[in-house]
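Straight from TrEMBL, the features:
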DOMAIN    41-470  domain 'Major facilitator superfamily (MFS) profile'
REGION    1-24  region 'Disordered'
TRANSMEM  38-56  transmembrane segment
TRANSMEM  110-130  transmembrane segment
TRANSMEM  137-157  transmembrane segment
TRANSMEM  198-220  transmembrane segment
TRANSMEM  226-247  transmembrane segment
TRANSMEM  289-309  transmembrane segment
TRANSMEM  329-346  transmembrane segment
TRANSMEM  366-385  transmembrane segment
TRANSMEM  391-410  transmembrane segment
TRANSMEM  422-440  transmembrane segment
Amino acid sequence: MKSPVPDLAPSDGEEGEDRTPLLQRAPRAETAPVCCSARYNLAFLAFFGFFVLYSLRVNLSVALVDMVDSNTTAADNRTANECAEHPAPIKVLHNQTGKKYRWDAATQGWILGSFFYGYIVMQIPAGYAASRSGGKLLLGFGILGTAVFTLFTPLAADFGVGALVALRALEGLGEGVTFPAMHAMWSSWAPPLERSKLLSISYAGAQFGTVVSLPLSGIICFYMNWTYVFYLFGIVGIIWFILWIWLVSDTPETHKTISPYEKEYILSSLRNQLSSQKSVPWIPMLKSLALWAIVVAHFSYNWTFYTLLTLLPTYMTEVLKFNIQENGFLSAVPYLGCWLCMILSGQAADNLRAKWNFSTLCVRRVFSLIGMIGPAVFLVAAGFIGCDYSLAVAFLTISTTLGGFGSSGFSINHLDIAPSTLLENGKLFSALLLLSTYLVPFSSHCSPKVKYKTGLLGITVDTETEGTNK
């Protein structure tokens, strides 16, 4: 069978590579069909995997509002009388059969933040494991473990705060392997000119999971009780695991149903990025300005993102005075915008590179700029609007939506500057680059009293130049 990929001409040098989206003067690989393709099937399964992942992560943020005795919270809340209560448009009795706990604000902070203790611990082990055994089993069992632990959340709450904190930390261990594992898989599956699309589709599942789980958790709490929140999402996670193990492979070479044409397309498109280096270049990595730019960018973005993700339902209830049902819907609105923005920005980024000949460097910088400055401006503005409920929701929605541009900017830049290698060092490099971005913002997750903060824009580098240097 004739290869679908023409022979690549040699590059004209680093200068030429730095100014083109890919090797512009060389013939490009003919794209394999998208419909029913193995790579897009992987993207959609990953989408639902991250949907489950974030559903399991954020459901406690809504359920906790219903788990805590409101009298305990009101005693600690100094802003309780600043905003007026909302009149209930529909007279439906709120189900109160769920057990209530007298947890003050500090205790709630420990419960919400404990997840990240486990989450941060697994980043380095996950990077090594993904490089050695592939990401399929690591990602699958990570989400399965989180789903199983979620089923035991009501039981842990009955045992006490310590048991619940420990359980949430164990859930963090399970979720901590997911991003390094997924990046490792995409280093073998994502053709360069489809990279933004594929990764945006897969990681947009996180936003979609937030969009669905927040209002659904509020509805379950309102009409049933908070325990069913954990049972429902736990069962969904187990179902996803079965599909993942059945349908996914670590690499195109090991996939059972991939077409020969698509396999050759993926392997050929990645072949010119292979490196024969047999060891991880630790010193050059630590000296790389590109790597540290990604760290700074992720730190700045994640500080805001995870603070809002964890505490937005509490803000809606304690400050803006929305009930548990309204809380879930309004807390989800910002992430609906972010989800749509991630999908569209991924398409736009690849089109700019492939059809309009924008350099990878230019695309990553512009999208990072929009995804950092835009959210910062509207989030700061939200702090000055007082009890204007409509404006508060609007500003938070615009802020989170614009953050979706970052998925095609700094968030994907790990794969740009980490070439694949014959010994899968590229997988390890990608995972380690990702892990470095999650070490820094850990302090913002430990307490609900933390202040919102944004930071500097990370400057990215071009795929081709950095790959050549490595």
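Cβ atoms are placed via backbone N, Cα and C, with glycine included.
Stretch with the most C-beta contacts under 8 angstroms to the transmembrane segment (38-56), considering only 110-130, 198-220, 226-247, 329-346, 391-410: 198-220. Only sequence-distant pairs (6 or more apart) were considered; of these, at least three Cβ pairs between the transmembrane segment (198-220) and the transmembrane segment (391-410) are under 8 A, so the stretches are in contact. Counting residues 6+ beyond its ends, the transmembrane segment (391-410) has Cβ neighbours under 8 Å at 196, 199-200, 203-204, 207, 293-294, 297-298, 301, 304-305, 308, 312, 320, 330, 333-335, 337-342, 345-346, 348-349, 363-372, 374-379, 381-382, 385, 458, 460 in the same chain.
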